[in-house]
C-alpha cells in the first residue's frame, strides 16, 4: 500500500448561518475524499465553532492525486430524526495539496450547494500531504444513536512533528482522550516537539458507497518518488487587493494597496537616492579627489561610480534595500576617495531607520536634502552631500532605476553592471511591408565596350535584405516586371538602393549604375489601389546617387523605371500566426479602439536546477521577459536565488482576444563586468496564455511548470507563479470581434504566399533583434529567438508524431459515431436500435425538423458541458507534445543544425528512417487517389462494361425515383441499412464489389 496520506486539520469556522429556532446553529463538518468520509464533533449553539481536529485519508493512487478533490460539508445538527440543515461546502482541488512543511491554515469561503440554497461564512482548514509511515490513517468510530453522543466534552491531543530539510515532514501524534472514548496512538522517534494543542474525537459516518480498496504489490512510492508533475497548479496568494480564492478577490481587514499594484504582493523597500555632493576636500598628494559613495545597512553595501578629480560630483543613483532583510537599525552613507592601495575616508552621514518617513504613490517624490558630513570623530564638516531617504514599495517611481540589495554578489558592487539588472519596458518598432516592382531600364550602355549588348539585372537592397531580378533578353532597354517585398521598421533608417549590374562572366558582375530612394519619399497605402511608377537616373556611386543637386544637372544617363509603396494594410508577422500577440495592420489609420486591458503580475519563481556555479555552490540569476503586442517587459534580475521574488505588475491594451501572452524565464549571464560578450542567457522555461481562454474579470493565480526540451530529454526546471486578469471595457466590441476576419483585409485581397510569409517573418525577427539590441540593457538575440519561437517550423519527428496524434484525436469522435452506428446496425442493443428506427422515421416524415433537432442537440451538449468547463488556462502539454517519452535519437535530430554536423552513418540511418515513413505516407496517398479515380471511371468508359452497367442502373433508378415518393425511398433505404444481422451476408455487397472492380490510374504508374 502507498504510504502517502492526506491530512486535513479542521480548525474553526465563523459567520455561519443560524438555522434553528434559537437563532443559532450546532455545526459539524463532514470531510469526503476518495470514497472516505470523516465527521468532526458537533459544536452546540455555536455559530463560530473551534475544532482543531485532524484527520488522515488514505491515498490509494498517488499518481492521480492531483485530479482528486477534497470536499468539506458543514451541517447543523438538530436531532437524530430531523434532516441536517446545510450551511455550506468547500472544495479543495488536488493541485493545491502541498507537503506539511508548506501547509498553513486558510479560511475558505463557504459555497452554496445549489442555486436555491444559502451559504455564509468561512471554514478554516489546513490541508497537507505526508508520507510518514508512523502516521496511521484515521479509524472510523461508530456514530452514536442518541443526541447526547454529540455533546462536547474536553479532550486533548499532543502533536509532535519530525521536520526534515525537504518538503516532506514525518509526524508523530499521540492522542490522550478521557475514559469511554476511543484513543489512537502513533509512535515514532521525536526530534522537535510542537506546542500542545487540543483536538476533538475523530468521528466517521458510513459512506453511501463502500470504500475503494486498491491492492499494490510492494511498497508504495514516497512523496519524492512520484512522477514529475507537468500540470498547472492553482494557488491562493495574498496579493495587494486581497486573498485570491477561486479567481475571486477576498478582501481582508487591512487597507488594500493602490489598485495599480493589486495583482502582486506588496514589497517594502528602503530607498536611498544619492544625488550629489559639494565642497569636498582634497585627499591625494596631488591635491585632487576621486569620490564615490558607499551606502551600507548591516552586511548590505551599495557603491556608486567614482569620478576622477571632482570635488562637486553628481551621481543621482538610487539604492533599494528590502525591509524584510535589514540587519541593522541604522543607515550609513559614506563618501570615500578612490585610491590605488587603500581608499581614504572623506565623511559619513548616519540615519536612524525608525525616523525614516514612508511614501506611497500618488504622493509626490520626496525632495532630497543637504546633509553635512561627519568625520570619524563625529565632528560636522563644511562639505555636504544631497540625499533622499524614504520607505516605499515597488509602486515607487524609483523602483525601475534602483540597484537592489538582492542584486549584489558580494559586499562590493563596483563590479556589477547595474543596468543589466533593472526592470525595463521595451517597444518593438512598427513594421511595414515595402513592395518594390522593377519594370524596365533605358539606355543601358557599357562604356568599356559599347558594341556589346549587355545582360543586365537589378539588385534591390534594403538594409541587410537583398534580392535580384532575373536575366531578361539581351537589350539596351531591358524589361523585367519582377516584384519584391521587404520588411522595414519605423522610424525608417535604411534607404532603398537599386543597383543595375552587367553579368559579364559566370562569377563576375560589373556595376552599371546605382540609385538611392529615401524611405520617407515612398508613398504609403492602406488598400489595394494601384501605386505609381517613377523614373530615376543611375549614378556611378551611392554618394553621387544621394546628391540631389548633381541629379538635377544630369542631361543624359541610364534611367530605371520602378514602383515602390509601403503597404500599411498588412500585419507584419514577427512570430507564429497561432501564437501571435498582435494582429493589427501597420497603418495606425486602420487601428480599432481597444476592447480590454490585460494585467500581468509576476509574483515569484522556484528554480529546481541551478544554472551556474559560483563559489562552489549552484545558483541562478533569473529574470522574466513577457511579450504582448509591441510591448516587451523585463523584470529585474534577482542574484543568487533559487526562489526569486519579483512582484512586478504590467498592463497591456487588448485589441483582439484571439491573441497570446508569452512569458519566459532566463538566467542572466551578462550582469558582471568580467562576463564576456559570447555568453548567452540560458532559457529556464516558457509560458503561453491565450486570452480567449480567460474569463473577463477573473484573477487567475497559478503556478506554471517551466519546461525545457533538451537533447537529453524534457526537463522541468522550476515553476513560475503568475497572476493574470483580463478586463473587458466593451463587451459588444469583443463579441463583434468573433465575427470579424482574423487578419487585416489586405491578407485576403492580395494574399502573400506561405513561403513569402516565412521569409518575411525571418526578416522581421532580425530587425527586431537589431532594434532591441540597441536598448540599455539590451534585449539579446537569444531572448527574442526564444520568445518568437521561429524554430518551431523546422522538421521534427516528435512534432510529426504529435500532429498525427492530434489529427486522429480530432476524428476520433466521428470514428466513435461510426462504431456506434455499427452496433445499431448489428442490433447489439435492440432497444437502442428500435429507438433509432423511431427517430429516423420521425425525421424522414417531418424533414423540416432535421436542422432544428441538430442545432438543439448541439446547444444541449454545450450547456451540459458547461459543468465540466476547464478551470485552468491551457498550458504546454508534455504528453500531447510527445516530449515525456521521446526517443533520444529523434531529439538529437531535432536539435541538429542546418546543414547537419552529424556523422555520415547517423545521417544515413535517419534518411532511411525518413524514407520508410514517407513510403507509408506515399502508399496511403496512392490509395486515396485510387478511390477518387474509380469514381471518375464510372462515366469515363475506361471499362466499357462497367460504365454501361452503371449508366443502365442510373436510368432505371431515375425512373423508379420519379414515380416513388422520396420519403418512402428514404425510409426503405434507412431500414435496409439498419437491417437485422440475420438478413446480412458476411461477403461484401454487390455495389462494393462493383466499385472495387473499377480501374484506376495505378496501372499507368511506373
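Glycine too: its Cβ is placed from the backbone N, Cα and C atoms.
Swiss-Prot lists 135-156 with the feature region 'Disordered'.
Summarising the annotation, Swiss-Prot assigns domain 'C2 2' to 251-371.
Taken from Swiss-Prot, the feature Ca(2+) 1 binding site applies to 284, 290, 337, 339, supported by sequence analysis.
Tertiary neighbourhood of the transmembrane segment (842-862): same-chain residues 967, 970-971, 974, selected by CB-CB distance under 8 Å and a gap of 6+ residues from either end. If you look up Swiss-Prot, you'll see 842-862 (among others) marked as transmembrane segment, on the strength of sequence analysis.
According to Swiss-Prot, the transmembrane segment annotation covers 946-966 (among others).
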Report summary line: Cβ neighbour count (10 Å, all chains) around residue 337 (Ca(2+) 1 binding site) is 20
Report summary line: In this structure, the one of the binding-site residues 290, 339 whose CB has the fewest other CB atoms within 10 Å is 339
Report task. Taking helix as H, G and I and strand as E and B in DSSP, count the residues of the domain 'C2 2' (251-371) in helix, strand and coil. Result -> 9 helix, 52 strand, 60 coil
